[in-house]
Amino acid sequence: MPHRAASPAMSENEFDITNALFQNDGDSDNEVPVTKSKPQRKAAPQELDFLGGNVDDDDEDDEAFIAEQQTSANRKAANLKGRTVKKGGGFQAMGLNANLLKAITRKGFSVPTPIQRKTIPVIMDDRDVVGMARTGSGKTAAFVIPMIEKLKSHSSKFGARGLILSPSRELALQTLKVVKELGKGTDLKSVLLVGGDSLEEQFGMMAGNPDIVIATPGRFLHLKVEMNLDLSSIRYVVFDEADRLFEMGFAAQLTEILHGLPTTRQTLLFSATLPKSLVEFARAGLQEPTLIRLDTESKISPDLQNAFFSVKSADKEGALLYILHEVIKMPTGPTEVAQRLQEEKANSKDSKNSKKRKRSEMDKAVNMKESPTKHSTIVFAATKHHVDYLYSLLREAGFAVSYAYGSLDQTARKIQVNNFRTGLSNILVVTDVAARGIDIPILANVINYDFPSQPKIFVHRVGRTARAGRKGWSYSLVRDADAPYLLDLQLFLGRRLVLGREHGDQVDYAEDVVVGGFPRDSLAQNCEWVTRVLDDNRDIFSQRTVATKGEKLYMRTRNAASLESAKRSKSVVGSDHWTTIHPLFSDAETEMEIQREKMLARIGGYRPQETIFEVNNRRSGKPENEEALHTIKRVRSTLDSKKKRAQAEEQSELLEDASGGNEGEANGNPDAMSDDDIPDGVPDNMSMASESDLEVTFSSYSQSKSDKAKKDSTAAFQNPEYFMSYTPSSTNLAEDRAYGVHTGTNANFTQASRSVTMDLQLDEGARGFAEPRTMKRWDKRHKKYVSRQNDEDGSKGEHLVRGESGAKIAASFRSGKFDAWKKSKRLGRLPRVGEAEDTSLSAGLNSAMGGKRFRHHKDQAPKRADPLRDDFYKKKKKNEAAKERQMSRAGGAAAGGKSEIKNTDDIRLARKLKQKRREKNARPSRKK
């Protein structure tokens, strides 16, 4: 029987099913016309042989027919052109329903991004996932698409089924927008719970039985505690920007929320980096998670060239300006895009166009999809104070600069990053925390103004350049205190360390770690300009003072380098090649500078043969103090003898090393002389002896007696059958140094996350997750020092209570507002999880939920009527009506008015007072 052809056909090329989805849809954006294919010849029906007389013949015919059909289908798909051909691994191959595919096409997604292609199939298999992806990589759709596919439609049973936690209000709004757009073909209800909105409105949302809850951790925990929510119905949980969640201090809230979730949930965690605290959280809250990380982000590109410059602390600003001016050739003044925008603005002022027309002209001048220019450079600084200082200094130098750091307002940060992406600025000064989620598609240069404290942070920084086959450069400023970290990086990368010009100009910047200094004259000119600016501009000088204080705190809190690198760095920094001019500078002026440095080194290394006492006596000709001269000569002779002995010992060690090297060459050098290369005049007894002759003649001596005895004593108690070493038997140093995730299927999350864990230093000196807080403050009320924990965990000094998980939460979360809201709405018990929902309840409480648009119901005080406007009396009447509505809504008497309708308590009180008056009036008079 011949080999059966593969079925179904290989998904090398797939047909576009968009036309099938949009057959009766007039809003389709598919411009490819539908062409009718020619009818294919169908095989004649085969006669069925129930007795099994010719089963083999039928099987062979079926196999031949299937193979022919597959071959023709593949041939036709290969000949198709345009948008009708989809590569394998598209959204159609993921098993999504037709409504969701239709929404994806309307959204504009044609091909899944790499993180979507890797993540969605794993999520569809009901596995917990830890995904590492930057902002802009499509990670929002990577977890929203499987969530909509799993939830499918609105459930008639009470209880939310999907939960998405975001660190900020803006990100939550963005996620809600994506959920609304991708869930258009379904009746799923989604709500947004963020701080700043009305609690009463959010009570109504949660009582309306939503399917998907998108919230910030603080507000969601507040509602959970206030409403006593049961989260046992949650099936799908997403922690979006998880590293940002921990940095913003939501660790306690996340722990409390996680404690209330069911164990059968599916948990997804997306982050740009993977700090140690996040790894511990994932191990505790996720069940056998799968780590998904793009391989291109885990290693340095082979097209990236690195240059390291040794510099003093006082010359760092001048060195930065020298790199921008002389190395990168950064132009000053406005960029080309900015000039184009100014021209478009000038043209729009001259022409009488509408506002819409002006906006279109500005969009033409600034193309949002335009990639950064060849001069685009990111400068990494240690703290936000350094960012402010460098931004002001570079602006003073005439460069077009943008900046970003962690505590910058979200809107301002977006504006600054967009200016850099569109080419309005050439330089972006950022911290590691702020740059974590920034995705720049094409970048030319990276400058490490402050050297990173971990090798993985260096890889994370320089990984933004040299992408898609393009060349890129990274320039790093290394002080003497940063030398241990440089050596750690050199060992981590496994590359050769080249100091100065010790190897000449034969260096490879892509494969070597090349360290050198700057030309002194050019560097001095830039340093003098910086000094002059600091003297003239007091604002920049004050910013530098603040940055210096912030640097002291940063130096105390950054990770320590390895002990071996710290020891080795002393000899590296003390060598003459540490400050030699970098091989990157190879012009005529540089050569003159090199010769001058050599001359200064010779002068600095000069040691006279006589002391000053001997020189003075020789000049005068009359020895004044012969005893002192004899003492000096005797000391010199002693020192000379010691020096000669030291030189002799050093020479002997060199000879021993040389002899050992010769033995190694004799054993392993393929270029060594063999027996066949011996000349004819040399006797045969000079040829190499065999191993058996050497064993018989000489005793093997490989180690000292003490080492041998130690080894024997160690092996004496080791039983190879039961002995278990503390080191793994299959240790591979090359694999330990690898950048990417360990090979395999990443089934072991602990092992897979070990190579990608990276802690970023916070840019404000704030403490991270699980770091102890020792600072205290004086409590005036209790007359004692108390911890600042209560001031910074969201409670603002209020009383704390223990939650269900044992974590501290603010006591204000249990304020009774939900009970008061239910009483005002005249509601009884809400349905429990699993019970049938009350449709009238959800429709009456929140009309905005589940609609096409999300509406905020926020009460604002009316603006005061302006007497100078024509509509003064109209506005005044409207304001008075609004005040009356507010007074009646507030409860009448509480707002200053009297309520005309009495409730049961008022009636009962009035009856009691009336009865007292009757009893009082019915008493007999005291008069006799």
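Residue numbers in this text run from 1 along the chain shown.
Just so you know, glycine gets a Cβ as well, placed from its N, Cα and C.
Among the features that Swiss-Prot reports, ATP binding site is placed at ALA133, ARG134, THR135, GLY136, SER137, GLY138, LYS139, THR140, with the record citing sequence analysis. Neighbour count (other Cβ atoms within 10 Å of the Cβ, all protein chains): 24 for LYS139 (ATP binding site). The secondary structure of LYS139 (ATP binding site), as reduced to three states from DSSP, is helical.
If you look up Swiss-Prot, you'll see 342-353 (among others) marked as compositional bias 'Basic and acidic residues'.
Taken from Swiss-Prot, the feature compositional bias 'Basic and acidic residues' covers 621-630 (among others).
Per Swiss-Prot, compositional bias 'Low complexity' is recorded for 657-672.
Annotated compositional bias 'Basic and acidic residues' per Swiss-Prot: 789-802 (among others), in sequence order.
Helix, strand and coil residue tallies for the compositional bias 'Basic and acidic residues' (859-887), in that order: 16 helix, 0 strand, 13 coil [DSSP]. For 859-887 (among others), the entry in Swiss-Prot reads compositional bias 'Basic and acidic residues'.
Annotated compositional bias 'Basic and acidic residues' per Swiss-Prot: 899-909 (among others), in sequence order.
Taken from Swiss-Prot, the feature domain 'Helicase ATP-binding' applies to 120-292, supported by sequence analysis. In the predicted model, residues of the domain 'Helicase ATP-binding' (120-292) average a pLDDT of 86.
Positions annotated as region 'Disordered' by Swiss-Prot: 1-46 (among others).
Under the heading region 'Disordered', Swiss-Prot lists 342-368 (among others).
For 616-713 (among others), the entry in Swiss-Prot reads region 'Disordered'.
According to Swiss-Prot, the region 'Disordered' annotation covers 780-802 (among others).
The region 'Disordered' feature in Swiss-Prot is assigned to 833-928 (among others).
Look at Swiss-Prot and you will find 89-117 tagged as motif 'Q motif'.
Every protein chain considered, the tally of other Cβ atoms within 10 Å of the Cβ of SER137 (ATP binding site) stands at 21. The Cβ of GLY138 (ATP binding site) has 16 other Cβ atoms within 10 Å, all protein chains considered. Sequence-distant neighbours of ALA133 (ATP binding site): residues of the same chain at least 6 apart with a C-beta under 8 Å from its C-beta are ILE115, LYS139, ALA142, PHE270, ALA272, LEU294. Secondary structure of the motif 'Q motif' (89-117), assigned with DSSP and counted as helix (H, G, I), strand (E, B) and coil, comes to 18 helix, 0 strand, 11 coil. Neighbours of THR140 (ATP binding site), defined as other CB atoms within 10 A of its CB across all chains, total 24.
Helix, strand and coil residue tallies for the compositional bias 'Basic and acidic residues' (899-909), in that order: 6 helix, 0 strand, 5 coil [DSSP].
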